[in-house]
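Database features (Swiss-Prot):
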- 1-21: signal peptide (SIGNAL)
- 23-148: domain 'Plastocyanin-like 1' (DOMAIN)
- Asn72: N-linked glycosylation site (CARBOHYD)
- Asn75: N-linked glycosylation site (CARBOHYD)
- His87, His130, His473: Cu cation 2 binding site (BINDING)
- 160-302: domain 'Plastocyanin-like 2' (DOMAIN)
- Asn229: N-linked glycosylation site (CARBOHYD)
- Asn354: N-linked glycosylation site (CARBOHYD)
- Asn362: N-linked glycosylation site (CARBOHYD)
- Asn398: N-linked glycosylation site (CARBOHYD)
Amino acid sequence: MSRFQSLLSFVLVSLAAVANAAIGPVADLTLTNAAVSPDGFSREAVVVNGITPAPLIAGQKGDRFQLNVIDNLTNHTMLKTTSIHWHGFFQHGTNWADGVSFVNQCPIASGHSFLYDFQVPDQAGTFWYHSHLSTQYCDGLRGPFVVYDPNDPQASLYDIDNDDTVITLADWYHVAAKLGPRFPLGADATLINGLGRSPGTTTADLAVIKVTQGKRYRFRLVSLSCDPNHTFSIDGHTMTVIEADSVNTQPLEVDSIQIFAAQRYSFVLDASQPVDNYWIRANPAFGNVGFAGGINSAILRYDGAPEVEPTTTQTTSTKPLNEADLHPLTPMPVPGRPEAGGVDKPLNMVFNFNGTNFFINNHSFVPPSVPVLLQILSGAQAAQDLVPDGSVYVLPSNSSIEISFPATANAPGTPHPFHLHGHTFAVVRSAGSSEYNYDNPIFRDVVSTGQPGDNVTIRFQTNNPGPWFLHCHIDFHLEAGFAVVLAEDTPDTAAVNPVPQSWSDLCPIYDALDPSDL
C-alpha cells in the first residue's frame, strides 16, 4: 500500500469515527451544503458538521446544553435560513429556544449564528433534533439526541448503551424537497444509520451494527422520517421495549415495532443467537416497500461472523408493538377526572383537506410574519389578538387539557402522527382502540392519530407558559398547514421566558434579507 493510499484509508476511517462520535452538551453545529450519496445516488443536501444524519448530541440528565448553530448555507433551493428544534425537550423557561420558525423565533440568516442555551433538569432518554423551517429537514438537517440518566432505573436490564447503539431511520429522496412533488408518493430509499439502497442502487453499502454474543444491548431507535412510518424488526430476535419518546416504560417484549415519524423507542436486545449475520428491516408503509436487493435494510453482525450479507428470512410478526400495551415504568397521574371530557378545557381537532392544504377546525396554518412568541411578548394575550387568525388557541395556566383527534377520510395520508411541543401527554385512547385508559396510559410526545373511525385522545397539564406548536409530523403535511399553536398561560409567558438579546436580533436581521437569501 502506498503512503498516499495509507493516508487516504486513515482519513476515511477517521471520518467514519467522527460520524459516530457524539458531541455536546456544548457544541458548534456548522450547517453547510454538500454533495452526499447515502444510497449510492449523489445529490446536494444540508449537512451538519459535514454529515447527514447530523451528529449524535449527547449529555446527562441535569446538563445545560449550549448548542451554537452556525449557518453557512448557500443553496437557496434548500433554504439558506434555518432554525433547529430540539425534539422532546420541555424548554421550561426557554420557549425562545424551542426552534420553530415563526412560532418561537425568526429564522437564522446565512452568515450568522445563534446559540440555543437550555437546561435539561428533569428529562432523560432518547430525543432528536431537526430543522423546523419549511421542509428543510427532509434534505438532511436531522440527527439523534440522547440524554443519559446516571441513575437509570432500568440499567439492570442491559449491559451496553453507547453511541453505537443508536439506530436512526430516515426516508431519503433523490430530489430536494422544494423541487419534488408537494406530497411525495414514497421515498427513494430508507436510510438506517445514514446508509441504504434504492431499487436502482442495490450495491450501495449498508449499515452494520455489531454485537457480541451473550451481551444485552439498549438500542435507541429514532425515526427521523419526513413522511412514512416504518415497521422495524430484526430477524431471529425479539425486542424488549423500555422507553417511548423519553418516557420509561414497563418492559414489553415485541417482535416488530411500527414507528411513526419523530417517535423514539428504546429496546433491549439479548444477543443470544448463534454467531451470524441477521437482517435488520425497516419497511416503509408505502413507496419502495419490501427488501429486494437489500433495500430498507441493515445488518446485525455478531462478532466472529463473516463480513457477508445475511441469508436470514423474515418470519411473520406475532407480537407487534401495540401502543395501548405500553405503560409508564413509574405511575404518572392522568390530568383531569377519569371520564370522557373530564378536564378543565377539552378541545376537538377536526381535520380536513382541500386538495392543496390541510385544515384543523377550518383553518390552515400559515406562518405569521411576526413569531407568536414575539406577539405575546409585545402585549398580545387573547386568541383574537394573535395571528394566524383561528390557528392559535389560548390555554389557561394550571389546567387539565384534553385533545381529541377524530380521524376522517377527509384528511388523506393517514395515519397522521401528531406532536405537541413543550410536553409529554397521556394517550388515553390509542389508534385502533375504542377503550379509554385513565389509569396507566403511556405518556409520549408523538402519537399516531390512526385511521378513519379512530378518535385518539390525549391529556396534559398546562404547567409550561409559552406558545407550543401542535402539528402533524409528516413534514409535507405540516408545510400544507396541518398545525395549530397552543399559547399556554399568555399572562406569565414573558416573566417565565426571559429572552436573550441575540434572540431579539433575529427578526430584524431576517426581515432585512433579500428574497434570494431566505
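From the backbone N, Cα and C atoms, a Cβ is placed for every residue, glycine too.
Overlay of Swiss-Prot feature records on the structure.
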residue: Asn72; record: N-linked glycosylation site; Cβ within 10 Å: 13
residue: Asn75; record: N-linked glycosylation site; Cβ within 10 Å: 17
residue: His87; record: Cu cation 2 binding site; Cβ within 10 Å: 26
residue: His130; record: Cu cation 2 binding site; Cβ within 10 Å: 25
residue: Asn229; record: N-linked glycosylation site; Cβ within 10 Å: 23
residue: Asn354; record: N-linked glycosylation site; Cβ within 10 Å: 11
residue: Asn362; record: N-linked glycosylation site; Cβ within 10 Å: 8
residue: Asn398; record: N-linked glycosylation site; Cβ within 10 Å: 9
residue: His473; record: Cu cation 2 binding site; Cβ within 10 Å: 25
Sorry to bug you, but what's the C-alpha spacing from Asn72 (N-linked glycosylation site) to His130 (Cu cation 2 binding site), rounded to the closest Å?
16
Looking only at the recorded positions His87, Asn354, His473, Asn362 (N-linked glycosylation site) has its closest CA neighbour at Asn354
Per DSSP, what is the residue tally for the domain 'Plastocyanin-like 2' (160-302) in helix, strand and coil?
6 helix, 69 strand, 68 coil
Same-chain, non-site residues whose Cβ lies within 8 A of the His87, His130, His473 Cβ center for Cu cation 2 are His85, Trp128, Tyr129, His132, Tyr137, Arg142, Leu224, Ala261, Ala262, His419, Val446
I'm trying to understand the geometry here, so how far is the Cα atom of His87 (Cu cation 2 binding site) from the Cα atom of Asn229 (N-linked glycosylation site), in Å to the nearest whole number?
17
Among the recorded positions listed here (Asn75, Asn354, Asn398, His473), which has the Cα closest to the Cα of Asn229 (N-linked glycosylation site)?
His473
Nearest of the recorded positions (Asn72, Asn75, Asn398, His473) to Asn354 (N-linked glycosylation site) - Cα to Cα:
His473
Return only the integer: C-alpha distance in Å from Asn75 (N-linked glycosylation site) to Asn398 (N-linked glycosylation site).
45
